[in-house]
Structure formats: structure tokens, C-alpha cells
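**Q** Sequence annotations record features per position, and here TrEMBL assigns NAD(+) binding site to 77-90, 293-305. Sequence annotations record features per position, and here TrEMBL assigns substrate binding site to 97, 107, 135, 230. Under the heading Mg(2+) binding site, TrEMBL lists 230, 254, 258. Annotated domain 'Isopropylmalate dehydrogenase-like' per TrEMBL: 5-365, in sequence order. Feature annotation from TrEMBL assigns site 'Important for catalysis' to 142, 197.
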Ligand code: NAI
Ligand code: MG
């Protein structure tokens with residue numbers, strides 16, 4: 001029997017609270033679907049700092065490189081805001097992304113019918129929306145050299161300071177994220193839209209040429225289109241359902257994925273995955289995490305919505321374990337619970353009602369799994 005390894009890093013704030021609900025879901029799959037998970041748990045972020053004086057211990061990093069998948073809750077919180085930059089909770093997350101070389105960040109924007117009225121757009125524009133943004137995560141303008149602030153704004157040199165960041169991509173970096181996007185499209189609706197600014201940026205011209213090259217040579221069966229990223233932003237709010245997979249660079253992807261996320265409602269609903277190069281078993285190195293943070297304002301009150309973390313585990317089932325049917329099952333269970341009107345506080349509309357607790361939401365999803 002295959003055993004699927006998973007490293008759980010609950011982190012800080014509501015991280016441990018939502019992770020407890022994922023544990024219930026894992027337990028259900030073990031008991032009822034005959035799956036075997038080898039789950040280990042460790043510290044990250046402020047929790048790791050409290051014990052080790054740094055936000056990610058070396059042993060934890062080594063473990064992350066061994067397992068099939070990492071599932072992370074959230075890091076940070078007011079207790080750690082004044083720490084030195086080098087040991088801030090976020091550094092733990094960044095170290096994981098960097099050393100696992102997770103270059104493709106997957107951000108689905110999926111509108112559950114029961115929540116369509118939560119969107120800032122009209123129901124008929126977002127109902128049924130199911131798109132996937134693939135953002136390049138390890139290169140581009142956030143990392144390019146040269147960077148910095150030069151020259152003094154001293155008297156006599158007013159207006160002389162220069163802030164520099166460099167948008168830089170190699171063809172190899174573009175090709176590997178393009179391949180990831182085409183592979184994903186093949187498992188979905190077989191369409192990729194690539195976004196850049198080839199009209200005003202040379203790095204955008206290279207992006208367009210390389211994505212086209214990967215398409216023509218390796219994925220001619222996938223439908224490819226190109227769009228300028230500013231038009232892409234307009235199209236995302238005008239008619240988001242025209243897209244299937246969108247692939248774009250680090251900067252545009254940061255902005256476009258946040259905009260797309262809000263088409264679908266609450267932060268408590270949004271999963272993500274970050275994938276790297278294939279490991280020996282052929283599956284990509286991977287870390288899964290909800291998009292939300294540690295939510296200190298509701299920590300310890302049983303108010304957190306565990307769905308973002310549970311849907312992140314569904315992505316692990318699909319992309320790390322090759323269990324697409326089980327991922328579908330889990331997503332159907334979430335959809336059923338929402339359709340039944342089960343709501344955590346963040347999903348309460350103006351009409352009100354009584355919210356369920358984090359734990360009750362987890363229980364409802366586990367109960368729905370049997371029928372899903
Ligand atoms: P946040 O995402 O933690 O919270 C923003 C708002 O959304 C809050 O009102 C919170 O209560 C609510 N919220 C978030 N997740 C929720 C959930 N699952 N269920 C119900 N409500 C939810 O972002 P914020 O407040 O900007 O940051 C708080 C801390 O989290 C900071 O220390 C920040 O650095 C850290 N952070 C960590 C991230 C990560 O681990 N990936 C990402 C974003 C922030
Ligand atoms: Mg962002």
C-alpha cells in the first residue's frame with residue numbers, strides 16, 4: 001500500500017486551530033477510503049522562534065525536503081512584530097519556498113454557488129467561476145539585480161536619489177513555469193492565457209516568446225492565448241469566466257491573484273499551492289497553505305474558518321498524491337456544507353444567522369464526506 005507523507009506546520013495564531021480540522025479530514029480518508037498518511041508535525045514562524053530562536057529549525061527544513069508535501073497554517077502575529085528582520089516569522093516561510101525552490105504558485109479562484117452573493121461582482125458574472133492563476137514565484141522584479149536606493153538627497157542634490165528594481169527573467173525560468181501551467185491546463189479545460197507587458201517591456205517579449213515556444217514544441221494540444229496584463233486585470237473583473245489557467249510573472253501574478261481572489265468572497269475560503277521541480281517519484285516538490293494569515297483578532301475564539309486550509313489539503317491530494325478523485329470528493333463535501341447554509345462568522349451575510357465554530361465546520365465537512 002502506498003503511504004503518503006505529509007509534514008504539517010500549523011504555525012501561529014489560527015494556524016493550529018484550522019489545522020486541527022484538517023487532521024479530522026485526514027482521519028476520515030484513512031478510516032473510510034483506506035488511504036495511509038504518514039503525518040509528521042513541526043514548528044514554523046513565531047512558534048519555532050519561541051523554541052529555537054529562529055523561525056524554522058534546520059531539522060524542520062531537512063524534513064520538508066524529504067516529504068511528499070508540506071501543509072502550512074499561517075505565521076506571524078503581534079508578539080513577533082518587533083523581532084529583528086532576520087528572525088521574523090515570515091522568514092521561515094520564505095526559507096521553505098526558497099530551499100524547496102517552489103517556482104510555481106497556484107492560486108485558484110473558485111466561486112461556490114452558495115457564496116456567489118458575497119462577491120463584489122454580480123452573481124451572474126461570478127457564478128460557476130473556476131480559474132487557476134499560476135504565478136512565477138522565485139524570480140522577476142522582487143529578486144532581480146541591481147536593486148537598491150542610491151545617491152543622497154542632500155542639499156545641492158535634491159531629487160537625486162534613485163530607487164532601482166530590476167525585472168529579470170531567464171528563458172529557463174519562464175519555460176519551467178510555462179510547463180507547469182500547461183500540465184495543469186491539461187488536467188482542467190486545456191486553455192492557458194499568458195499575461196505580460198510585451199508592448200513596453202523586453203522581459204515581457206521574452207516571456208511571450210518562451211511561453212509560445214513551450215506551447216509549440218511540447219503542448220500544441222493546449223489552447224494558448226496572450227494578453228497584456230493591464231487588459232487582463234480589466235477582463236478579470238469584466239468577464240472572469242473566459243479564463244481557465246492564467247500564467248504570469250511574479251509581480252503581475254501577485255496583483256492579479258489577489259484581485260481574482262476577491263471575486264470569490266472571503267479570505268477564509270482561499271487555498272494555495274506552491275510547486276517546484278519533480279522529485280524522484282515524479283511528483284513536484286510542494287507546499288500547500290491557505291492564503292490568509294494568522295488572524296490575531298480572532299485567535300483562540302473558535303471563529304476561524306477552516307475551509308481555506310481544508311481546500312489546501314484537497315490540492316495536496318490532487319497535485320502531490322495523484323488522488324484527483326479524492327480531491328474532488330473533498331471539494332464536493334465543502335460545497336454541500338455551504339449549500340446547506342453552514343457558515344462560520346466570516347461567511348455571514350447581512351441577513352445574519354448563527355455562525356458555527358471552527359470545530360463544527362470541520363465536523364460538518366467530515367459528515368458530508370460520506371455522501372460526497
Ligand atoms: P489575516 O489574513 O491574518 O487577517 C485579515 C482579516 O481576515 C482578519 O480580520 C481576520 O480575522 C480575517 N481572517 C483571516 N483568515 C480567516 C479565517 N480563516 N476565518 C475567518 N476570518 C479570517 O491578515 P492580517 O491581519 O493582515 O495579518 C495578521 C498576521 O498574519 C500578521 O502577522 C501577518 O504578517 C500574518 N500573515 C501571514 C500570512 C501567511 O502566513 N501566509 C499571510 C498574511 C499575513
Ligand atoms: Mg499579495
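Any Cβ shown, glycine's included, is placed from N, Cα and C.
TrEMBL: automatically predicted annotations, no manual curation.
Owing to the predicted nature of the structure, the values given are computational and were not obtained by experimental measurement.
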**Q** Tell me which of the binding-site residues 77, 85, 89, 258, 295 ends up closest to residue 135 (substrate binding site) in space, Cα to Cα.
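**A** That would be 258, nearest by Cα distance.
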**Q** With the Cβ atom as the reference point and anything under 6 Å counting, tell me which of the recorded positions (85, 89, 197, 254) are near ligand 1.
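**A** By the Cβ criterion, which requires under 6 Å to ligand 1, there are no hits.
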**Q** Fill in the CA-CA distance, residue 197 (site 'Important for catalysis') to residue 299 (NAD(+) binding site), as an integer in Å.
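**A** Distance (Cα to Cα, whole Å): 41 Å.
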**Q** Tell me which of the binding-site residues 97, 107, 230, 254, 258 ends up closest to residue 295 (NAD(+) binding site) in space, Cα to Cα.
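**A** Closest by Cα: 258.
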**Q** According to DSSP, collapsed to three classes, what secondary structure does residue 77 (NAD(+) binding site) have?
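**A** Going by the DSSP assignment, residue 77 (NAD(+) binding site) belongs to neither helix nor strand, so it counts as coil.
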**Q** How many other Cβ atoms sit within 10 Å of the Cβ of residue 107 (substrate binding site)?
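**A** The answer is 23.
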**Q** Out of 77, 89, 97, 107, 230, 303, which binding-site residues lie by ligand 2, with a C-beta less than 6 Å from some atom of it?
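**A** With ligand 2 as the reference and 6 Å as the Cβ limit, the list is empty: none.
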**Q** Out of 85, 142, which of the recorded positions is least crowded by other Cβ atoms within 10 Å?
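**A** Among the recorded positions 85, 142, the lowest count of other Cβ atoms within 10 Å belongs to 85.
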**Q** Any idea what the Cα distance is from residue 89 (NAD(+) binding site) over to residue 142 (site 'Important for catalysis'), rounded to a whole Å?
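**A** So the Cα of residue 142 (site 'Important for catalysis') lies 19 Å away from that of residue 89 (NAD(+) binding site).
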